[in-house]
């Protein structure tokens with residue numbers, strides 16, 4: 001039993017190579033079935049995302065090159081192209097790597113939580129194909145609990161490191177409850193969609209989407225039960241908004257100082273947060289001069305993000321310590337399992353010797369042998385048989401000039417305790 005992790009990721013391989021080595025839904029089941037039938041593999045889990053492809057295996061001794069060859073052949077990629085970008089981890093290093101990946105410590109965005117869901121899905125897919133053996137089952141279950149511990153004991157995922165999430169976090173800091181806030185989203189592109197998802201996840205249910213094309217706005221609005229308006233209608237709805245988040249490709253500002261000033265009067269000067277994440281700006285810079293209007297630009301958000309990245313790096317130190325501790329503990333547990341097999345075999349061997357000699361002694365007694373003589377002969381033979389293997393091990397260690405091995409054997413036999 002030996003744990004192996006091989007793979008490529010955004011650190012080691014180009015996008016082109018990552019695409020070639022990816023296991024899409026159409027390939028995954030076949031790949032897992034092939035690995036299950038591989039003579040060198042006891043169990044396997046394949047993790048394949050846009051940033052990494054990794055194969056985790058419980059393998060027989062010396063199977064490293066065989067699994068690499070299989071990966072090369074499966075994707076029909078030459079080893080000369082694959083190997084320079086490939087990393088290989090074995091035993092505790094493989095355990096540690098899986099735990100680091102699952103905790104977001106090896107991600108493009110440090111501490112991102114999505115990778116844990118992807119690891120869980122990879123494990124689930126492998127279980128469906130009956131590719132997960134007992135060792136991998138224990139490893140992945142332990143990994144999930146370690147990831148939970150890291151999230152509980154550190155704040156590695158608690159600081160915004162994307163513009164969309166930073167905008168939402170800023171809104172949460174300024175307004176006590178997003179559940180009571182009305183948000184005007186200007187634009188309907190990918191960034192605004194991410195903002196809407198973050199807002200919705202944080203309890204915001206009152207959203208207005210303003211966009212140049214109504215069709216795109218409707219697609220977004222349907223996901224969150226939001227109202228749709230045109231860009232021209234913004235002046236008529238701006239006063240309703242506690243929060244305005246804007247990201248369009250407009251070459252000119254969409255929201256001007258006068259428009260906001262009018263809206264603030266209608267709001268009786270209740271504060272309004274405006275987050276402009278467009279380049280060039282969607283909101284005139286002069287809006288920031290107005291009382292009760294709090295304007296933040298993409299540069300302000302980047303400053304928050306940079307600070308949060310540094311905070312995540314600090315939290316990552318504690319997370320790495322947890323992973324180091326847990327991976328070492330799991331490796332110790334695995335080694336103890338290997339010892340269990342050896343102990344079982346040793347006990348069985350001793351029992352076989354005992355039964356053999358006892359049978360001979362009983363036959364001697366039945367034949368009228370002297371009981372004392374039979375018992376002495378039994379004890380002598382039993383002693384000689386049981387000490388033969390350790391005696392030979394002591395002799396070999398001495399003959400081969402290996403004092404360290406000799407010391408270990410002496411300690412194992414408890415000889416030093418007899419002095």
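Just so you know, glycine gets a Cβ as well, placed from its N, Cα and C.
The substrate binding site annotation in Swiss-Prot covers 49, 50, 51, 52, 107, 112, 113, 114, 118. Under a cutoff of 8 A between CB atoms, and with a sequence separation of 6+ in the same chain, the neighbours of residue 113 (substrate binding site) are 104, 151, 157.
Reduced to three states, the DSSP call for residue 50 (active site, nucleophile) is coil. Neighbour density for residue 50 (active site, nucleophile): within 10 A of its CB lie 12 other CB atoms from the protein chains shown. Per Swiss-Prot, active site, nucleophile is recorded for 50.
For 97, the entry in Swiss-Prot reads site 'Important for activity', with the evidence type sequence analysis. Same-chain residues at least 6 positions away in sequence with a Cβ under 8 Å from that of residue 97 (site 'Important for activity') are, in sequence order, 5, 89, 106.
Within its own chain, residue 187 (NADP(+) binding site) has 210, 211, 246, 247, 248, 278, 282 as residues 6 or more apart in sequence whose C-beta sits under 8 angstroms from its own. Marked as NADP(+) binding site by Swiss-Prot on the basis of sequence analysis: 187, 188, 189, 190, 191, 192.
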Please give the substrate site's span as the largest CA-CA distance among 49, 50, 51, 52, 107, 112, 113, 114, 118, to the nearest whole angstrom. 15
Tell me whether residue 189 (NADP(+) binding site) sits in a helix, a strand or coil according to DSSP. coil
Excluding 187, 188, 189, 190, 191, 192 themselves, the NADP(+) site's Cβ centre has within 8 Å the residues 185, 193, 194, 195, 220, 247, 248
For substrate, residues beyond 49, 50, 51, 52, 107, 112, 113, 114, 118 with C-beta within 8 angstroms of the site's Cβ centre include exactly 104, 108, 115
